[in-house]
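**Student:** What Swiss-Prot records for this protein is below:
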| type | residues | note |
| --- | --- | --- |
| BINDING | Arg37, Gly38, Arg69, Asp88, Asp89, Leu90, Val91, Asp92, Thr93, Gly94, Gly95, Thr96 | 5-phospho-alpha-D-ribose 1-diphosphate binding site |
| BINDING | Arg69, Asp92, Thr93, Gly94, Gly95, Thr96, Trp134, Ile135 | GMP binding site |
| BINDING | Asp89 | Mg(2+) binding site |
| BINDING | Asp92, Ile135 | xanthine binding site |
| BINDING | Asp92, Ile135 | guanine binding site |
Amino acid sequence: MSEKYIVTWDRLQIHARKLASRLMPSEQWKGIIAVSRGGLVPGALLARELGIRHVDTVCISSYDHDNQRELKVLKRAEGDGEGFIVIDDLVDTGGTAVAIREMYPKAHFVTIFAKPAGRPLVDDYVVDIPQDTWIEQPWDMGVVFVPPISGR
């Protein structure tokens, strides 16, 4: 990745509120499925803004900090996604998005950020990001990048 795009907590909340406004009325949704780990914080923000209490996760591993690696489903939410919003922070090359679409064909799949290769795979997103740009999310940073304590 040649460029970095730094996301601050306040910008993330602004983007999540914008996305939530597009998902109104909230009564049309049974719940939210957050893609772990990138979709956990955006999922919590959407749940708050939409007043949704039913929140589940699908746990998919496809990144090892700066590098993409093989996709692995660790845990999935039940059902085909009907009436659910599936949220991730980013759609990049589309590997995770394809898996999400296969698992939850009836879900409404949204992200905060979208790169060109993955854009056609989501129903909605807020911010366009160039394909060669790495996104630094606020939960991954202190003043400088701070690796997770577990090393994973």
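Glycine residues also receive a Cβ, built from the backbone N, Cα and C atoms like all the rest.
Note that the structure is a prediction, hence the values are computed from the model and not measured.
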**Student:** To the nearest whole angstrom, state the Cα distance for the pair Arg37 (5-phospho-alpha-D-ribose 1-diphosphate binding site) and Ile135 (GMP binding site).
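**Tutor:** Ile135 (GMP binding site) has its Cα 14 Å from the Cα of Arg37 (5-phospho-alpha-D-ribose 1-diphosphate binding site).
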**Student:** Express the distance between the Cα positions of Gly95 (5-phospho-alpha-D-ribose 1-diphosphate binding site) and Trp134 (GMP binding site) as a whole number of Å.
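**Tutor:** So the alpha carbons of Gly95 (5-phospho-alpha-D-ribose 1-diphosphate binding site) and Trp134 (GMP binding site) sit roughly 16 Å from each other.
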**Student:** Where among the binding-site residues Thr93, Thr96 do you find the Cβ with the fewest other Cβ atoms within 10 Å?
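**Tutor:** Selected from the binding-site residues Thr93, Thr96 on minimum Cβ neighbours within 10 Å: Thr93.
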**Student:** Which number gives the other C-beta atoms within 10 angstroms of the C-beta of Ile135 (GMP binding site), all protein chains shown included?
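**Tutor:** I count 20 other Cβ atoms within 10 Å of it.
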**Student:** Quick one: pull the CA-CA distance for Ile135 (GMP binding site) versus Asp89 (5-phospho-alpha-D-ribose 1-diphosphate binding site), whole Å only.
**Tutor:** 10
